[in-house]
Amino acid sequence: MANFRLHCRLFSLAVFLFLFSFSLSFSHSQYDDDESDQNSPISRFQHYLRIKTAHPDPDYASAVSFLESQALEIGLHTKILEFVPGKPLLLVTWNGLNPSLPSILLNSHMDSVPAEPSKWLYPPFSAVRTSDGKIFARGSQDDKCIAIQYLEAIRNLRSRNFVPDRTIHISYVPDEEIGGFDGAAKFVLSKEFKELNVGFMMDEGQASPGDEFRVFYADRSPWGLIIRAEGTPGHGSRMYDNSAMENLMKSVEIISKFRESQFDMVKAGEAANSEVISVNPVFVNAGIPSPTGFVMNMQPSEAEAGFDLRIPPTADPDAIRRRIVEEWAPARRNLTSQIIEKGPIRDYLGRPLLTMTNDSNPWWSVFKTAISDAGGKLSRPEILASTTDARFMRQLAIPVLGFSPMSNTPILLHEHNEFLKDTVFLRGIKIYESIISALSSFVADASLHPTKKMGLVIAGPPETYHSVAADQNSQALLKHFQRILAIHNKPQSSGGLQWLALRRMKQKGFAAECEKLRENGEL
Ligand SMILES: *[C@@H]1O[C@H](CO)[C@@H](O)[C@H](O)[C@H]1NC(C)=O
Ligand SMILES: *[C@@H]1O[C@H](CO)[C@@H](O)[C@H](O)[C@H]1NC(C)=O
C-alpha cells in the first residue's frame, strides 16, 4: 500500500515536472521565439524596432550603427553624413552596371514619434511578437518596416546574383517627424545629394485596411495662418461698431464658411480629405489679463486667432493668398494676416509639388507593373493628408512615390499599440524585390543610345531598335522582339545572346514569356 502510494507520489511528481518543463518551454517559445533565429528578417526587424529612436531624444547613433552593419554584411557601400551635429544620415549604395544612368533613391526616416508606455499592451520598444504574428512597436508602421524591407529585398536580390543597371541608394534620414529641416531638407541641398543624380525616389506611405496597397503622389503643404484684429477699445457695457473682437469674429465666421464648403465636398464624397484645403482654428488670443483671469468690463483693442491650413498641390496658392487678404483679413476691417509656410509649395520650376501617375511618367508604369508582377494590387493614387520628406525631393522636380507595402493592416501611425503583422512585413520584402529589380533595370532614357535604352544587346539592324526602346510595356516589347526575330528570319547563332539580353531585363512576366518562346525553340 505504502509502496503504491510512493509510486503515486513519484508519478505525480514526474507529471508535475513534465508539465512544469512544458510550461517553461512554452513561455520560452512565446517570448523568446526570435532568439532561436537571430538570422531572420523578422529578428532583424525586431532588433531595429528595439532601438529607441522616438522624440524628443532619438538614439540615432545606435540606429545608424545597426543599419550600417546590416548594409555592410550584405556587401553594400555606406557613408555617414552629418549636416547638423548629432543628427547623422546614413547613405547606403548598391552600384549599378551603368553609373551614368540617374539613380534610384529609397528613403526612410529613422526617428519616430513618442509613445506613452502606460497606454500600450506591450512596452513600445519591446517589439513583442504575439502568437498571431503581430509585432508591437512604435515605428513598426511609421516607418521602420520599409527601412528593413529595402535591405532584405536587396539581400535576396544579391543572393540570386541580380545585378542592377541603375545604382540604388538608400537614405536613412533623421528628424522627419519634426519637419525634416535638419534632415532631408539639408540633404537635398548638399553636394552629396547632387552627386547621387537621383532619377526617381520612393518614400514612406501608409497602411491600407483593405486588400490593395496605397500609393501617394503628393503631400499637402502645411501653412500656419495668424489673423490679427485691431479695433476701438471701450467699456464692456457699450454697444458700438468695429471693436477688435467684432472684427476678429467676422473673420472667423468667413473662414468657418469656407471650411464648411470644403468639408461638404468631402462629406458628399466628391473629394478625399486630402484633396481639399483644410483650415482649422488652433488658438484664440485676446482679452486684458487681470490677477483673477481677464478684465470683464473692457472690450480689448487687439485680438488674434491662429489656423492650421493644409494646401493640396492641386490648389493655387496665390489664389489662397488673395482670398486671405481680400476676404479673411481685409484691411478695411483693420485685420492683418501672417502666413507661415512650413516647407515648399512649388518645385524650382514653379510647378505644383506632385508626381504624375499616368503615362507621362515612365517611372509610374514601371512601378505599377512591378506591383502587379508581385501579385499586388494598387488603389487609386492619393494625396497624403499630412507631410513627408518627399516634398523636399519633389521641390527639385524629382518624381517621388510614397509607398509602404502594408495591406489588410489598420492605420496605426502615431497611435497607441502600433503593430505590423509578420506575414505583411515578409510579403513587403517580396514586393520591394519586384520594385527594386524593375526600377533598377528600367533604362529607357532619351539621352541614351537606343540600343542601351532597354539594356538589350540585339543582333540586328539598328532601325529595329528604336521601336523596342520606345516601349516600356513588357507585352508590347515581346511583340516587338518577335517582330525582330521574324525580320531576321529567326536567329542564327545569336539566339543565346538574345536570350541573355532578354534575361537582363529582369521583368518577371516578360521572362516567363521568353521561357515559353525558348521551350518552343523560337529563341
Ligand atoms: C479701423 O481703424 C480706424 C483707425 O483706428 C478706425 O477709424 C476705423 O473705424 C476702423 N475700422 C474698422 C472696420 O474697424
Ligand atoms: C497626365 O496627367 C496630367 C495631370 O492630370 C495631364 O495634364 C497630362 O495630360 C496627363 N498625361 C497623359 C499622357 O495622360
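Placed from the backbone N, Cα and C atoms, the Cβ positions cover glycine too.
No curator has checked TrEMBL annotations; they are predicted automatically.
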Zn(2+) 2 binding, same site as Asp142, His414 - TrEMBL member from Glu116, Glu177, Glu382: Glu177
According to TrEMBL, which candidate in His109, His169, His235 joins Asp142, Glu204 at the Zn(2+) 1 site: His109
His414 (Zn(2+) 2 binding site) - helix vs strand vs coil (DSSP): coil
Binding-site residues: His109, His414 - member with fewest neighbouring CB atoms within 10 Å: His414
Taken over the domain 'Peptidase M20 dimerisation' (223-327), the model's mean pLDDT: 96
Shortest C-alpha distance to His414 (Zn(2+) 2 binding site) - which of the recorded positions His109, Asp111, Asp142, Glu176, Glu204: Asp142
Distance from His109 (Zn(2+) 1 binding site) back to Glu176 (active site, proton acceptor), taken between C-alpha atoms, in Å: 6
